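Copied from TrEMBL, the annotated features are:
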- 515-639: domain 'STAS' (DOMAIN)
- 189-211: transmembrane segment (TRANSMEM)
- 218-239: transmembrane segment (TRANSMEM)
- 245-266: transmembrane segment (TRANSMEM)
- 273-295: transmembrane segment (TRANSMEM)
- 401-423: transmembrane segment (TRANSMEM)
- 429-452: transmembrane segment (TRANSMEM)
- 459-487: transmembrane segment (TRANSMEM)
Amino acid sequence: MEPNPSSSMHSYCLEISPMEVHKVVPPPHRSTLQKLKTRLKETFFPDDPLRQFKGQPLNKQWILAAQYFFPILQWGPNYNLKLFKSDIVSGLTIASLAIPQGISYAKLASLPPIVGLYSSFVPPLVYAVLGSSRDLAVGPVSIASLILGSMIRQEVSPTHDPLLFLQLAFSSTFFAGLFQASLGLLRLGFIIDFLSEATLIGFMAGAAIIVSLQQLKSLLGITHFTTQMGLVPVLSSVFHNTHEWSWQTILMGFCFLVILLVARHISMRKPKLFWVSAGAPLLSVILSTILVFAFKAQHHGISVIGKLQEGLNPPSWNMLHFHGSYLGLVMKTGLVTGIISLTEGIAVGRTFAALKNYQVDGNKEMIAIGLMNIIGSSTSCYVTTGAFSRSAVNHNAGAKTAVSNIIMSVTVMVTLLFLMPLFQYTPNVVLGAIIVTAVVGLIDIPTAYQIWRIDKYDFIVLLCAFFGVIFISVQEGLAIAVGISIFKILLQVTRPKTVILGSIPGTDIYRNLHHYKEAVMVPGFLILSIEAPINFANKTYLKERIMRWVEEYETQKDEKQQSSIHFLILDLSAVSGIDTTGVSLFKDLKKATENRGVELVLVNPVGEVMEKLQRADAANDILKPDTLFLTVGEAVAALSSTMKGQSSSHG
């Protein structure tokens, strides 16, 4: 922050050629109602959904409205056999993945395996009608399943009271859907933006490890396993129950885990071989079931799913809890699982939309996912969203429309009606291996490394989410990471960036002295740039920081024999907004600088700042024409002429 000394700068200052000074024009007058309307529109309707209705006849507006709420009406009339051929391949492919994953994730949520298949039947049909993504494949997901199961399990045991546990799971799903749909209807989607990329990467990686550790129960054949989610209790439970380990289970689990991981690796290396990883889980289920049945392995230490009921989803609206002692629990569980599943679904949808160059409407997606879960809670389904692994398979299989979800749903329906007895001998160890393989992809080390390289603070947020999930709990880890992210935002608001500017010789360009080595200070001028909105949270800091710069300049003046400060120039180009307390900053600075014999000069206040300063400056002290300029260059040129005139008259 040291001003660059120099006698040469005196001559430079004198050499500043006069330039044309442009007048700073106040913004056009707008009423309070107009301003409020603009602000609300930019907050809640940034995509301006009503623009498509302008200038259209009434009957066309009705058609557009129907297409807006039901996107299937947009692409449905143009659907043809060519598109259907692509969708049926992708639909059957994701069904082969959805069936074993549905059973596995239901067990992860401590729910009956059949509920996972129910959740892969109704929600995809709802999404096909209401969703705006062509690639999103809908169904249960690992993280939401884990959170739902762990939160309800804190108060109700799935083994001692399975009916109540199931009722609370459906009720939580209803509240998750209600919350999601409300965000979409009220256009409050910006709330989920508080889950930054760093938070999500850390959270997903931590949750993936916890999910994988939970599968040690199945992979090792342990009967008595902890219900807690943290790393320490899980590992403690594993090593305290070594006598329950089953070598048959370990051998089978290891073999199928290797097969699934190799299949995943092949598909990642060669995306055209997507069907290898897509079909591997179902193939593993079939092979392991045949092995168990052939060798009667259920009598030799390998646990199996057992008999599953046949038939389509039974209604469950009579099982929803809207009162009683568990209402708080289901609302909290619904809120947390709703946010997580919504964030995952929208992130996945936007990722694949960007790859195929089409738009996904975030608010429509929230409504679609929300209604999907509300309807699902009444038809024996638990929380569902767009799953990354299934959507990637759907995309690679060449899905063209949401019909792939309908094909998947029909395939699951056939399974529910006719194929359920075949799963009776499916070993739990293979379901555990399928879950581990699915969640391995959630650990994104390259992106974590990229975050470390770009922003160390974001990397700390990532680590807090990661370790919070692993050592405390899934929901607390997420809360800690969000809290630290908000603290970062508060820091940026309360401690805005301010820099000292110098002139680049031979130009009228002014840049940060500590960034541009060739920039030099102009004698008699202290030029500062404020690079954030000014408000009640940072007014005191800004005043103290600016006055400290003035004092430092005056102190160094005596040491370096440079001229004393005559003008304090504040470049307000980057100040996008100001509040009442922020306005008082300029009044305080005006008084403080006058006492030191320094003139306060403002450069390029933007519309809102200019307007509020005008209203507060009744005496016209702050916005005097000779202390208000459009650019720093014009300000220095005009004021240098004034300084020369004053020095010559004194001479």
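Using N, Cα and C of the backbone, Cβ positions are placed for all residues, glycine too.
In this chain, the transmembrane segment (273-295) does not touch the transmembrane segment (218-239); fewer than three CB pairs sit within less than 8 A of each other, excluding pairs fewer than 6 residues apart. Away from its own ends, the transmembrane segment (245-266) comes close to residues 218-222, 273, 276-277, 280-281, 284, 287-288, 291, 297, 300-303, 427, 429-430, 432-434, 436-437, 440-441 of its chain (Cβ-Cβ under 8 Å, at least six residues beyond either end). Two recorded stretches are said to be in contact when at least 3 C-beta pairs lie under 8 angstroms, sequence spacing 6 or more; the transmembrane segment (459-487) and the transmembrane segment (273-295) fall short of this definition.
Secondary structure of the domain 'STAS' (515-639), assigned with DSSP and counted as helix (H, G, I), strand (E, B) and coil, comes to 59 helix, 21 strand, 45 coil. Here the transmembrane segment (273-295) has Cβ contacts under 8 Å with residues 93-94, 96-97, 99-101, 252, 256, 259-260, 263-264, 266-267, 302, 304, 392-393, 396-397, 422-423, 425-427, 429-431, 433-434, 437 of the same chain, all six or more residues outside its ends. If you average pLDDT over the domain 'STAS' (515-639) in this model, you get 87.
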